[in-house]
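Undergrad: This structure is in structure tokens; I'll ask about it shortly.
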Amino acid sequence: MAKKGNTGNWNATSSTRHHTIDIAQAGPKRDPNTGTYDTTQGQETAVLVAVPDKRQPEAQTREYLDELEFLAQTAGAEVTKRFIQRLDKPDIRTFVGEGKLAEIKAFVNHTKASMVIFDDELSASQLRNLEAELKVKIVDRSLLIIDIFARRAKSATARTQVELAQYQYLLPRLTGLWSHLDKQRGGGVSQRGPGETEIETDRRVVRERIDFLKDRLKELDKQSTTQRKSRGGVIRVALVGYTNVGKSTLMNLLSRSEVFAENKLFATVDSTVRKVVLENTPFLLSDTVGFIRKLPTRLIESFKSTLDEIREADLLVHVVDISHEAFEEHIAVVNDTLKEIGAAEKPMLLVFNKIDQYELDSAALKKHTFEGMNPDEDETPRPTLAQLQATYMAKMHDPVIFISAQERQNIDQLRALLTRHVAALHRQRYPNQVGEEAE
Ligand SMILES: Nc1nc2c(ncn2[C@@H]2O[C@H](COP(=O)(O)OP(=O)(O)OP(=O)(O)O)[C@@H](O)[C@H]2O)c(=O)[nH]1
Ligand SMILES: [Mg+2]
């Protein structure tokens with residue numbers, strides 16, 4: 001089974017150490033020599049803020065904030081409160097209105113919260129104003145996601161991609177953000193070009209770094225393209241899906257490997273490729289980064305080489321967590337993201353995972369209702385798994401299968417389905433090689 005639990009991976013890699021925009025700055029102090037955090041100083045606490053428009057249903061607002069809280073936890077912060085303000089559109093100056101801001105400020109001061117996390121991207125001026133007003137770290141959704149990626153990235157490519165995303169995030173916000181660039185410049189006015197103001201110098205340094213990272217990625221890209229070419233004409237299958245749905249668990253199951261999987265968002269940032277042989281049909285299976293709603297576009301752009309794995313696949317296996325209440329929205333987010341990266345037209349198998357959890361949740365819900373604890377008659381009853389299967393088998397254009405990677409339910413059927421599709425693709429590619437193995 002997949003490995004679980006916190007790895008305590010607080011180490012910054014040496015190449016990104018000085019460039020990480022780390023949301024954990026005001027919390028545990030980082031040792032400048034080792035780049036590691038002293039986590040004994042207690043956990044960071046975060047306050048969440050969302051400004052949904054007035055039409056957004058309550059359940060959706062709650063679900064979005066649940067996800068933001070999960071992201072915050074993954075980044076190492078404990079959430080102590082959620083603030084919601086329904087507005088037609090966010091306040092241009094401070095994102096929330098004056099009254100709400102005062103409320104947040106009072107709470108932050110009183111509880112000594114270490115950061116405030118906003119469920120949207122903030123502009124440079126909003127960042128600046130909020131920081132001046134609240135006097136704690138201000139983190140927006142994009143930065144939170146980038147920060148998680150920064151902690152997870154291991155390969156040279158992923159690290160370079162994350163760093164590029166960090167600098168692209170930073171560039172338009174230089175006036176609003178921390179002055180940590182001082183350290184990078186080697187400090188002092190001497191580095192400043194003639195007639196340059198500090199902010200101009202900062203911008204120049206960041207732009208230079210962005211150019212450098214782009215060049216470096218091009219180099220790395222060349223290497224991996226050569227690598228991919230050497231894989232020959234083997235059929236390539238990519239696992240895609242929302243984050244935390246069980247892609248890596250499934251990868252491990254199908255390829256008998258040990259890819260890191262855990263109950264946190266974005267456990268996988270690097271892509272992994274394994275050769276799998278099912279009934280004499282060889283193919284390459286790749287596990288890759290999960291998608292999420294409002295994934296910063298710049299992050300998608302920076303992760304181009306990782307996403308190439310998906311773009312160049314012959315078949316996509318779209319994994320869905322059926323036990324998640326928002327699974328339908330997740331499917332839509334994944335399909336939209338695939339469209340965005342130009343991979344929407346590929347053949348696809350839809351794998352509904354975590355049926356064990358769905359059954360468990362349904363049983364718990366039933367018990368709850370039965371005991372009269374939740375006698376909400378307006379609420380539509382949860383469909384049974386059989387009903388869901390019937391609906392989705394009929395509704396989807398792509399082949400559909402329901403499994404539990406964790407409990408090994410229907411895995412043989414999945415293997416058979418996969419074999420059938422890979423073999424068909426293989427025959428298509430090598431029409432003259434009937435019965436032979438191509439390599
Ligand atoms: N109940 C249940 N849990 C599962 C199942 N498959 C995976 N999980 C759990 O779901 C969590 C996420 O699994 P991963 O395999 O890391 O998911 P992922 O899609 O690779 O996630 P990211 O890499 O973060 O995008 C882990 O805690 C798994 O143990 C399943 O069939 N049932
Ligand atoms: Mg994974």
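Glycine too: its Cβ is placed from the backbone N, Cα and C atoms.
Owing to the predicted nature of the structure, the values given are computational and were not obtained by experimental measurement.
Sharing the features that TrEMBL gives for it:
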COMPBIAS  1-15  compositional bias 'Polar residues'
REGION    1-42  region 'Disordered'
COMPBIAS  33-42  compositional bias 'Polar residues'
DOMAIN    235-426  domain 'Hflx-type G'
BINDING   241-248, 266-270, 287-290, 353-356, 404-406  GTP binding site
BINDING   Ser248, Thr268  Mg(2+) binding site
Undergrad: Between the Cα atoms of Gly241 (GTP binding site) and Ser248 (Mg(2+) binding site), what distance do you get, rounded to the nearest Å?
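TA: About 11 Å separate the Cα atoms of these two residues.
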Undergrad: Taking just the CA atoms, what is the gap between Ser248 (Mg(2+) binding site) and Ala267 (GTP binding site) in Å?
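TA: Cα-Cα distance, Ser248 (Mg(2+) binding site) to Ala267 (GTP binding site): 9 Å.
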Undergrad: Can you tell me which of these binding-site residues sit near ligand 2, meaning the Cβ is under 6 Å from at least one of its atoms: Gly241, Ser248, Ala267, Thr268, Val289, Ser404?
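TA: Ser248, Ala267, Thr268, in sequence order.
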Undergrad: Which whole-number mean pLDDT does the model give the domain 'Hflx-type G' (235-426)?
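TA: Averaged over the domain 'Hflx-type G' (235-426), per-residue pLDDT gives 86.
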Undergrad: Which has the fewest other CB atoms in a 10 Å radius around its CB: Ala267, Val289, the listed binding-site residues?
TA: Ala267
Undergrad: Among all protein chains shown, how many Cβ atoms are found within 10 Å of the Cβ of Lys247 (GTP binding site), not counting that one?
TA: 30
